[in-house]
Amino acid sequence: FLVLIQLFLGNSCRFIAKPCAINLGIQDSGPHRAQPNAILEKVFTSITKSPDGKRLEGLSKQLDWDVRKIQRWFRHRRNQDKPTTLTKFCESMWRFTFYFSIFFYGIRFLWTTPWFWDTRQCWYNYPFQPLTSRLYYYYILELAFYWSLMFSQFTDIKRKDFLIMFVHHLATIGLITFSYMNNMVRVGTLVLCLHDASDFLLEAAKLANYAKYQRLCDAFFMLFGVVFIVTRLGIYPFWILNTTLFESWELIGPYPSWWLFNGLLLTLQVLHVIWSYLIIRTASKALVRGKVSKDDRSDVESSSEEEDVTSNSTKGIFSTSSNGSNRLNGHVAGGQWTGE
């Protein structure tokens, strides 16, 4: 399944996402490239990508360049290694496709199950509960997808929340694998479907943002924020954690894996709180100031003072710099997008 998903992702980027991006006017062009300079290039590759004041003064004397010009060169040089807007669009497109498909598959499947309507059904006759083919494929597809995210995180766009997303992927894979091995798949399907509810909205907002449909982007993001907070801070603790912590204890007692299973679920809840705080902070800035400052986890820097001015004057939930850098991968808010 992991191989099939990787093939699907590669083909969707090549035959679906890229043509869509081109039709929307998204060009495969990167940020402004730095002026070739052997001395600065050697410093950049061998010593530091962000020189301090003392080193800048030394380079200024050596090259007879103004310090600000050298600072600008290093900004350009850092930015030219960043992914293009087309690359980001393709990455968001395949994630949107998967999240959208798997969420509605999960809803359609769970709608006919008794434990969707009564969570106590997750623990009746445990662990002697049948594993149907639909449930099996739902679980394996989700597991394969998160393994693909784990591997691709090292090759995809690098972001500042790398460690948080790495912990998230580890906890998710651990939960899926652990619950499958212990036949806790009923409550596991509820957790999976709940987490997929907001992810496709986030990816839709990214796609609109890259295509420069700002109002549509803002609408999708606000909808994502509402759904995320309701599901992760409301439904998750009062529906999922309630059944895993209390109903399971009442019906089957403190089984040996109870502590580990709930520990992983509580780890996810901590991440939910962190991401919700970042989303609320960004939305608050948008309402109070009518614009949003650069996201804390931005993966692209402004390459000049003019770009900074452009970025700061842009209205809407996501500010857009001249190189099209807007990203919120996973779950934090701002001009540059975050997981899930």
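Every residue, even glycine, has its Cβ placed from backbone N, Cα and C.
Where the annotation comes from TrEMBL, it is an automatic prediction and has not been curated.
According to TrEMBL, the feature DNA-binding region maps to 42-85. When pLDDT values are averaged over the DNA-binding region (42-85), the model yields 80.
Among the features that TrEMBL reports, compositional bias 'Polar residues' is placed at 314-328.
Sequence annotations record features per position, and here TrEMBL assigns domain 'Homeobox' to 40-84.
If you look up TrEMBL, you'll see 87-288 marked as domain 'TLC'.
Marked as region 'Disordered' by TrEMBL: 296-340.
What TrEMBL lists as transmembrane segment is 96-116 (among others).
Feature annotation from TrEMBL assigns transmembrane segment to 136-155 (among others).
Annotated transmembrane segment per TrEMBL: 162-181 (among others), in sequence order.
The annotation transmembrane segment is assigned in TrEMBL to 220-239 (among others).
Positions annotated as transmembrane segment by TrEMBL: 259-280 (among others).
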Ask   = Restricting to the same chain and to residues at least six past its boundaries, which positions have a Cβ under 8 Å from a Cβ of the transmembrane segment (220-239)?
value = 119, 190, 194-195, 197-198, 201-202, 204-205, 208, 268-269, 272-273, 275-276, 279-280, 283, 317-318, 328, 331, 333
